[in-house]
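Below is one structure, written out as structure tokens; comments come after it.
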Amino acid sequence: MLVLGGARSGKSRYAQAVAEAAGGRLVFVATAQAFDAEMTDRIRRHQADRDHRWTTVDAPVDLAGAISAVDAEDTVVLIDCLTLWASNLLLGDEDGDARLAELAEVLGKMRAKVLLVANEVGLGIVPDNALARRFRDLAGTINQRIAAIADRVHMTVAGIPIVVK
């Protein structure tokens with residue numbers, strides 16, 4: 001299941017509620033990296049929202065490897081978020097297309113239930129610089145690829161989930 005939304009739209013909270021309702025072992029795969037105080041605070045808030053049932057795995061770049069390592073039928077994996085992953089790939093000079101192909105292949109073989117969270121960044125204006133345009137394009141490509149293979153796609157607007165697929 002892919003959960004899309006804008007900033008502070010409730011997408012992470014919604015995905016977490018869906019994961020917890022599914023039952024089983026809960027694994028949170030975090031892509032965020034704390035490069036400043038604001039991001040450190042944001043990460044702490046997200047951590048505080050999860051109780052003792054959750055195991056956290058940090059995977060700023062190697063999502064495919066991280067989810068493969070925790071795959072099991074009784075497991076629910078929540079990846080939050082693909083948009084920060086896209087940023088990490090760009091800033092780390094990674095091959096985004098290759099990493100996305102690797103992730104898509106692994107997702108197709110997963111026995112665990114997987115929920116992925118991503119920002120919908122393509123609804124705004126065209127960015128005024130090349131790096132921001134590359135980021136927007138990569139994030140859009142990731143969302144399209146994952147949406148195509150996801151069994152369900154929901155979008156949150158003002159905390160309200162809307163079924164897209």
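Cβ coordinates are placed from backbone N, Cα and C, and glycine is handled just like the others.
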Query = Say TrEMBL lists Gly5, Gly6, Ala7, Arg8, Ser9, Gly10, Lys11, Ser12, Ala30, Thr31, Ala32 as binding GTP: which of Asp62, Asp71, Asp74, Asp80 is in the same site, per that record?
reply = Asp80
Key: Helix, strand or coil at Ala7 (GTP binding site) [DSSP, three-state]   = coil
Remark   = If you measure between the CA atoms of Gly5 (GTP binding site) and His46 (active site, GMP-histidine intermediate) and round to the nearest Å, you get 16
Request  = Find, for the listed recorded positions Lys11, His46, the residue with the lowest Cβ contact count at a 10 Å cut-off, counting only other Cβ atoms.
outcome  = His46
Task = Write down the Cα-Cα distance for His46 (active site, GMP-histidine intermediate) and Lys11 (GTP binding site), rounded and given in Å.
result = 12
